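**Student:** The structure's right below; bear with me while I get my questions together.
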Amino acid sequence: MESRHGSSFSSLNSYLQALSQTPARLARRAGSVSTSYEEMSRVKTRSGCDMKRTLRWYDLVGFGIGGMVGAGVFVTTGRASRVYAGPSVIISYAIAGLCALLSAFCYTEFAVDMPVAGGAFSYLRVTFGEFAAFLTGANLVMDYVMSNAAVARSFTAYLGSAIGISTSKWRLVVHGLPDGFNEIDVFAVLVVLAITLIICYSTRESSVVNMVLTALHILFIGFVILMGFWKGDWKNFTEPANPENPSGFFPFGAPGVFNGAAMVYLSYIGYDAVSTLAEEVHNPVKNIPIGVSGSVIIVTILYCLMAASMSMLLPYDMIDADAPFSAAFRGKSGGWEWVSHVMGMGASLGILTSLLVAMVGQARYMCVIGRSSVIPAWFARVHPKTSTPVNASAFLVLALSLMFWGLFLKIGRWGYGTY
């Protein structure tokens, strides 16, 4: 907020004075709508320096795939198939992918018309006003911080499972805190600090790291798909293990397909973070539509192939709802248990990419919220050398996130679970 004498956060007296005027200011600003021109000119200049336009369409495709293809698909596929859709979970993924693509088109239209870093926050400021934008921005930031805490802790669990080391050996116990809230995941903290340094150093370098990790993750996904088609059986598409259960490719009919689509849609969450990079995209009119839409299409194809390979491995009524792929190979004879460890390593890479993209997105949300003067303008500053929102990244990751990792063990249990 701005006062007549400058920022409301410029001094304690200014802040207290602004606080006493909250009802009047809220009534005046709650419904006030910004414009695309203001967001791209006057509001944008509050960051001091500009973010460099160094990203191309393939960078956005990489960020989109990295943000979406985490470990979630290794869990949601099994539950959606076992409980809702059966083998037709393939169609469920296609329907969910179409819905995600339509949503991506909305983000694309806004991002092309107003290529700034604010994503949904900026879009709401120019449509519904500042109050709706503030509520959405606050929820997005909290969602990113809390989910990143869970995802980072899940990374150590996946990695430990893949290499055969208990994660309890990586965690420090603080005996002065209650049980369940007294374990510090040091390795997760180190991973987050490393990613923070990367995203603060350069968006271009962040893209390179993301591209490498995403490429490796796709190789693991390709391995899972090939193993499923190789070791699977086509009859599993239509025949359940128990003859008393519904059979056919659509054992639960159309309702099952759409219920499955509603569940697996969670695996597509992450493409929205790409819109926060619009301010750093070269030729946004061309590159943003290709990057955002292309990533959703590629991910949809990968998910459908993964669902098909899983459906071939086992009849739908034998699929483990919590760990479909790894459980399927653990049940195979001939020493195929090692495949589940490979999947754990691949899931770990997926978690890293989704964590990197989420941390990039949350910093840019915080930066643009700072531009709106709702929070101190310090958060909006863009570093002149790195051209990245270093202040927002440092605050969100080092202050808030470390608090969650250090004290709230149970947040880590909200992660993806087992692969």
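Backbone N, Cα and C define each Cβ position, glycine as well.
Curation does not apply to TrEMBL; its annotations are automatic.
A quick note: this is a predicted structure, and the numbers were derived from the prediction, not measured.
What TrEMBL records for this protein is below:
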TRANSMEM  60-78  transmembrane segment
TRANSMEM  90-110  transmembrane segment
TRANSMEM  122-142  transmembrane segment
TRANSMEM  154-172  transmembrane segment
TRANSMEM  184-201  transmembrane segment
TRANSMEM  208-230  transmembrane segment
TRANSMEM  250-271  transmembrane segment
TRANSMEM  292-314  transmembrane segment
TRANSMEM  338-358  transmembrane segment
TRANSMEM  390-409  transmembrane segment
**Student:** Counting CB pairs under 8 Å, which listed stretch among 60-78, 122-142, 208-230, 292-314, 338-358 touches the transmembrane segment (154-172) the most?
**Tutor:** 338-358
**Student:** Before we move on, state whether the transmembrane segment (292-314) and the transmembrane segment (122-142) share at least 3 Cβ pairs under 8 Å, counting only pairs 6 or more apart in sequence.
**Tutor:** no
**Student:** Which sequence-distant residues neighbour the transmembrane segment (250-271)? Criterion: at least 6 residues beyond either end, Cβ under 8 Å.
**Tutor:** 64, 66-68, 70, 72-73, 76-77, 79-81, 84-89, 91-93, 95-97, 99-100, 103-104, 107, 240, 292, 295-296, 299-300, 303, 316, 354, 357-358
